[in-house]
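Engineer: Sharing a structure with you now.
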Amino acid sequence: MENFLDNKNMLYALKMISPGTPLRLGLNNVLRAKTGGLIVIATNEDVMKIVDGGFAINAEYSPSYLYELAKMDGAIVLSGDVKKILFANAQLIPDYFIETSETGTRHRTAERVAKQTGAIVIGISQRRNVITVYRGNEKYVVEDISKIFTKANQAIQTLEKYKTVLDQAVTNLNALEFNDLVTIYDVALVMQKMEMVMRVTSIIEKYVIELGDEGTLVSMQLEELMGTTRIDQKLIFKDYNKENTEIKELMKKVKNLNSEELIELVNMAKLLGYSGFSESMDMPIKTRGYRILSKIHRLPTAIIENLVNYFENFQQILDASIEELDEVEGIGEIRATYIKNGLIKMKQLVLLDRHI
């Protein structure tokens, strides 16, 4: 399953036409006029090679100009930064041997031009009143804002449910880490719930881009719900990664799991470097302590790294005296006391079943 946000070409095109942008204002004007239109954004020289005839405009772009020029039958060619209208009423002559799945003349041309040049091509259907964006081999149909809002709100509700389940799993893991009772199952469960949250988040992030200026509220809700989940996911990998696989590589492997594979917790165990046999899921394992230590306010990453490297695991850090903590590079007596008190306070919060 390809993450929409990983497709940089379409992401760039989508941001360019998101609500609130000058280009989207012009496209909306054309939609309301029901004239249809074909707009090419000349991001490279290949575009100009297939432009024939028309009028050389070379004027500053404005939504009203786009609306007026779209009344003519030909294509409108804009500069790569959408600051200038280069040509109007132009004929586009792409290679007609390029395959296209479209039926209408305007959209067949748009798809061929996009495939041949890699440029962003926008087709506005006169009858269906729909905006379609093409870039390379990709195609995207722009949905109505109200529909996107409905989908975004539904996704936010789903995320709230997933996040509640994740928070319960993390709270449980916190208690187990402080009491040195963590098993592979506990870690795999948290990893699974985190990935489920991240997948819903990716969908909402796509909606936020589609909503443009209108998506501010959805974006704020998303950030509020997510909290430190993105950081915690990386730190859990650092805490329990048995084979010291690169974190980015590990995250990529988790992201590439399909829905059926994600349900099976043994797959998470395998990614961490454990056997993956269901009977070994109850095997006790120890955390390195990156995630818990990161919760101590204003404790630098370099100090956390020194602590983890000095002690074998988090339990040893937890049991260490102030004098033993003081021996770690970069930690003086004041900071050692601060770390010790911070860990004691967090352990008390965990016993009270509170989030840290």
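Note that Cβ sites are derived from N, Cα and C of the backbone, with glycine treated the same way.
The structure displayed is predicted, hence computed values, not measured ones.
In case it helps, Swiss-Prot gives these features for our protein:
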- 7-147: domain 'DAC' (DOMAIN)
- Gly74, Leu92, Thr105, Arg106, His107, Arg108, Thr109: ATP binding site (BINDING)
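Distances, neighbours, how buried they are, the whole picture for these features please.
Structural biologist: Averaged over the domain 'DAC' (7-147), the predicted model reaches a pLDDT of 93.
Taken residue by residue with DSSP, His107 (ATP binding site) is part of a helix.
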Engineer: Whose Cβ, among the binding-site residues Arg106, His107, Arg108, has more other Cβ atoms within 10 Å than any of the rest?
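Structural biologist: The residue with the densest Cβ neighbourhood is His107.
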Engineer: Could you give me three numbers for the domain 'DAC' (7-147), the DSSP helix, strand and coil residue counts?
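Structural biologist: Secondary-structure breakdown of the domain 'DAC' (7-147): 49 helix, 42 strand, 50 coil.
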Engineer: For the binding-site residues listed here (Thr105, Thr109), which one has the lowest count of neighbouring CB atoms within 10 Å of its own CB?
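Structural biologist: Comparing Cβ neighbours within 10 Å for the binding-site residues Thr105, Thr109, Thr105 has the fewest.
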